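Student: Here it is, the structure, as structure tokens.
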């Protein structure tokens, strides 16, 4: 259910784009992300850092898109967000000795420290590659194809990555 909740602004962006175009879709994404943060704050009293970062990036890049009437800003937004996640994972691990993937998933999984480090690095690399893929699509395909990639391509890549990661992790999980 959380996965669908996380996709909420992207799905609304997609629908608004198909009906009204990129600029209305951008405004819808900003409002949807604000609503998402407000709901999480109301419901749980604590908003994850990743959601705050997502809100900041959509407000800045979405706002620039609307103010300057230039869709390139919203098209760059996923790349900036993915690269910030990648940098955050790597900086936390190597500058502050904190493994953010372990912090997020450590209550659900018991893994050796080197495995957590590999998992953290895998997620950082995955986000870096997604950022590059987004730029490739932005510069080589139509706006409509980019919107389809943003919803279906990145979501599909995420699902495949999680499945492959889960298969890899099974050899480290103890029978309980």
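In case you wondered, yes, glycine gets a Cβ from its N, Cα and C as well.
As annotated in Swiss-Prot:
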TRANSMEM  3-23  transmembrane segment
TRANSMEM  24-44  transmembrane segment
TRANSMEM  49-69  transmembrane segment
TRANSMEM  72-92  transmembrane segment
TRANSMEM  121-141  transmembrane segment
TRANSMEM  149-169  transmembrane segment
Student: Looking only at the recorded stretches 3-23, 24-44, 49-69, 72-92, 149-169, which one has the largest tally of CB-CB distances under 8 Å to the transmembrane segment (121-141)?
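Tutor: It is 72-92 that shares the most Cβ pairs under 8 Å with the transmembrane segment (121-141).
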Student: Please figure out which one of 3-23, 24-44, 49-69, 72-92 racks up the most CB pairs under 8 Å against the transmembrane segment (149-169).
Tutor: 3-23
Student: Which sequence positions outside the transmembrane segment (72-92), separated from its termini by at least 6 residues, show Cβ-Cβ distances below 8 Å to it?
Tutor: 22, 26, 29, 50, 53-54, 57-58, 61-62, 64-65, 98-101, 120-121, 123-125, 127-128, 130-132, 134-135, 138, 143, 146, 150, 154
